[in-house]
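The structure appears right after this line, and notes come after that.
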Amino acid sequence: MSDINLKIGLAEMLKGGVIMDVVNAEQAEIAQQAGAVAVMALERVPADIRKDGGIARMSDPKLIKEIMSVTSIPVMAKARIGHFVEAQILESLGVDFIDESEVLSPADDLNHIAKDNFKVPFVCGCTNLGEALRRIGEGAALIRTKGEAGTGNIVEAVRQLRQVNKDINYIKGADQSELMAIAKNMQAPYDLVKYVHKNGKLPVPNFSAGGVATPADAALMMQLGAESVFVGSGIFKSADPLKRAKAIVSAVTYYNDPKILAEVSEDLGEPMTGINCDFEKFSQRGW
């Protein structure tokens, strides 16, 4: 068990950057060359997990070690929701962050991992503020939207980030006497609801993930209030991964400059083939 403030401090260092999914050492090197602040090591990007079906589990430790060996930036890896043994294995490998991820098949449909029991910081997804505060209450040091990973469709990530912002503004404007009832309705820890009321933000960094496929998508999430962006299938399922990766990194840095966004969006080749979000939703996994 370690200090949550230290874990949050490590997450704060990723602000204003891009975290990229990679499935091998070569992709990890491309991501680092493009300016990624971290990589997510996994065997299959979410688009392939959707296409292949079956049970998606933690990646092979050999793959994770290979990716860690070629990059000097932080390496994240995914564990299934509730699968604390996968998390123990990942921590033993020395990964920098663990993502308790809805992209993988849940191992426990009632309980998430008790993240306070680990020294490594955890990333968790959310669709609304109540879900975010529950994960933070369990020890998460970094929150992201769930979006709909593997679709190239930004609509769910936008909906979820707007909902979190709406919920934060509601609590910020509430009377202090209403906070306990709000905590009850949101199923959120009371002390965290009080924090949001006082500070008007989450107590941990708030990133965006799920469906980011273009520089414009990344800039959109930043303008909506995300502090960094995860990109999964959108880079290495595109025609020119290195060029697109560099463009998305630039878009996150200059998200408020339409001229630069236009420049970096030019001649990127075909993006990943997107799909609609009217099928099984990964974002409905977990609670």
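Cβ atoms here come from the backbone N, Cα and C positions, even for glycine.
Here Swiss-Prot has GLY150, GLY211, GLY232, SER233 binding D-ribose 5-phosphate, and the candidate from ASP3, ASP21 in that same listed site is ASP21.
Of the candidate binding-site residues, GLY150, ARG162, GLY211, GLY232, the one lying closest to LYS78 (active site, schiff-base intermediate with D-ribose 5-phosphate) when CA atoms are compared is GLY232. If you measure from the Cα atom of ASP21 (D-ribose 5-phosphate binding site) to that of ARG162 (D-glyceraldehyde 3-phosphate binding site), you get 24 Å.
Neighbour density around each Cβ, counted as other Cβ atoms within 10 Å, peaks among the recorded positions LYS78, ARG162 at LYS78. GLY211 (D-ribose 5-phosphate binding site) falls outside any helix or strand according to DSSP and counts as coil.
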